[in-house]
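S.K.: Just passing along the structure, written as C-alpha cells.
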Amino acid sequence: MTREHAPPASGNGAPLSGSVLAEAAVVFAVVLSIHAAVWDRYSWCAVALAVQAFYVQYKWDRLLQQGSAVFQFRMSANSGLLPASVVMPLLGLVMKERCQAVGNPYFERFGIVVAATGMAVALFSSVLALGITRPVPTNTCVISGLAGSVIIYIMKHSLSVGEVIEVLEVLLIFVYLNMILLYLLPRCFTPGEALLVLGGISFMLNQLIKRSLTVVESQGDPVDFFLLVVVVGMVLMGIFFSTLFVFMDSGTWASSIFFHLMTCVLGLGVVLPWLHRLIRKNPLLWLLQFLFQTETRIYLLVYWSLLATLACLVVLYQNAKRSSSESKKHQAPTIARKYFHFIVVATYIPGIIFDRTLLYVAATICLAVFIFLEYVRYFRIKPLGHTLRSLLSLFLDERDSGPLILTHIYLLLGMSLPIWLVPRPCTQKGSLGGARALVPYAGVLAVGVGDTVASIFGSTMGEIHWPGTKKTFEGTMTSIFAQIISVALILIFDSGVDLNYSYAWILGSISIVSLLEAYTTQIDNLLLPLYLLILLMA
C-alpha cells in the first residue's frame, strides 16, 4: 500500500497511510450520522467505541506488518478493525429505534443486546491487539480503557442480568471460535473480517442454544429457526471435518465415502431433529410445503433454477477459454467475474418484489450448498473435489489468499444480509417509509449495482485515482449514478416502496458507501451492504 505523510494515530509509531485515514473518515461520518439520528446513551457508546478502535487499528496494522500477530491473517489488506467494530453496534441501534417506533418491545430490547454484544467483541479484539503489542502503547491503552469503562458503565445500568449473561455467553463463544477457526484457516481473514464474521456466527450460535433450551416458551418463525440451524450446523460440520482430517488423508476414496456418510448422519441425525424440536413439524415436509405453497413461488423457483444453470455455464465457458489459451495461468477478467453480480441482481430483485419470505429461505439453502461445495473442494472430496478446485481457481483474486475460497460466499451474504438481519415484525408492509423502504434492496444497490459498476468502469475507463488506492474517481461517480438510476427503477416496479421525499438522505447514504468502497481494503461484498443497511434504517 502506498504510504503518504500523515500524522500518526498515536505517539509511538510510523505514520498511517492516506487511504486508511480516508476510510476512517468515512466510517466516522457514518457513526456520527447514526449518532445524530438516534442521540441516546447507546449512540454515545458507539462514538466512544469508534474512537478507541481508530487508535487500536494502528496497532493491529503494525502487528500485521511485523508478523507479530497471534494468528496468520490476510496480508493484502489493513486490519480493518475500525469499519468492522462499529457494524454490530450501529445495527443494534437502528434496529432498536425501528422496533421502538412500531411498538415492539421484545425486538427493541433485542436490538440493545445486539449493540452491547458488538461492543463487547470489538473491545476484546482491541484488548488482544494491545496485549501483544511491544512496547506497551501507553497512550492507546489509556484511550481504549476510558472508552471501555464508559461503555461497560452504561451497559451495566441498561441491561438486565439475563441480557448481561447473554452478552458474556456470546463473548465466550467468540473467543473459542477465534482460537479454533483462525488456527484452522490461516490467511482467510483480516482481524476486522474475523471480528465481523466470527462475531455474527457466535451470536447466532448463542441464539440457537438459547431458543433450544426455551423451546416451550419460544414463539419464533420457522423461517428464522431454519436460518439459525443451517448456519450453525454447517459451521460445526466444518470444524468436525477439519479436526477429523488432521488424522487422515481426505483425498482418498475411503475418506470421501466416509465424508459423505458422516454428512448424512450429521444432517439426518443432528440438524433435522434439532430443527424439528424448534419448529415442531417435520422439517422436510414443512420445507416442501413452503417452497411449493403458491403458483408465484413455483415460477420463482423455476426462474432461479435457470439463472443457476446460467451461472454454471459461465464457469464452464470461462474455463474452456483458459484451456484453449496458451497460458495456463489465465485468470478471468474483472468483467467476467462481475457476470455473477448481474446474475444475483436478476435473482434477488424478483424475490424482493414478489416473495421476500421465499427469498429468505432460498438464500439460506443456497448458502448451505455453497459452504458444502467449499468443504468438498477444500478437503478434495471425490468425485468433485479436484474438479471444483480447477474450475474455481480461474476466479481467484488477491482476497483469496488462504486455503478457502470465500468471495462467492461473501457475495451471497452481502445480498442476503439485508433480508435476514432486520426483524420482520418491525418491517411489515406499511411500517417502512422513506429511505427505510429500500432496506431490502441494500445488497442489490451496494454490491449488485454499485460495486459492479465501479469495478467495470473504473478498470476500463478510470484515469483519476483516489489518493493511496487503485480505485478511480470515475468508477465511484458512475457507481453513485447507477445506484440512483436503480432506485428510480425500484420506485417504478415495486409499488410497495414510498420514499416520502427522503431523497437527500438516500443520495448521501449511497455516496458515503461508494466512498467506503473506494478506500476500504476489506471484503466489500460483505461490508458495503451492512453500511448501506444501517444508513437506510436510520
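Positions of Cβ are set from backbone N, Cα and C atoms, glycine also.
So TrEMBL lists the following for this protein:
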TRANSMEM  16-34  transmembrane segment
TRANSMEM  136-155  transmembrane segment
TRANSMEM  167-185  transmembrane segment
TRANSMEM  225-248  transmembrane segment
TRANSMEM  257-276  transmembrane segment
TRANSMEM  296-317  transmembrane segment
TRANSMEM  338-354  transmembrane segment
TRANSMEM  360-380  transmembrane segment
TRANSMEM  401-421  transmembrane segment
TRANSMEM  441-461  transmembrane segment
TRANSMEM  473-493  transmembrane segment
TRANSMEM  499-519  transmembrane segment
S.K.: Under a Cβ pair cut-off of under 8 Å, which of the recorded stretches 167-185, 401-421, 499-519 contacts the transmembrane segment (338-354) most often?
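M.R.: Checked against 167-185, 401-421, 499-519; highest Cβ contact count belongs to 401-421.
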S.K.: Where, among 16-34, 136-155, 167-185, 360-380, do we find the most CB pairs under 8 A to the transmembrane segment (225-248)?
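M.R.: Between the candidates 16-34, 136-155, 167-185, 360-380, the best contact partner of the transmembrane segment (225-248) is 360-380.
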S.K.: Please work out which recorded stretch in 16-34, 136-155, 257-276, 441-461 has the most C-beta pairs separated by under 8 angstroms from the transmembrane segment (473-493)?
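M.R.: Out of the listed stretches, 441-461 contacts the transmembrane segment (473-493) most.
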S.K.: How about long-range neighbours of the transmembrane segment (360-380): same chain, 6 or more residues beyond its ends, C-beta under 8 Å?
M.R.: 223, 226-227, 230-231, 234, 237-238, 241, 245, 250-251, 255, 259, 263, 287, 290-291, 301, 304, 351, 386, 388-389, 392, 403-406, 408-409, 412-413, 415-416, 419-420
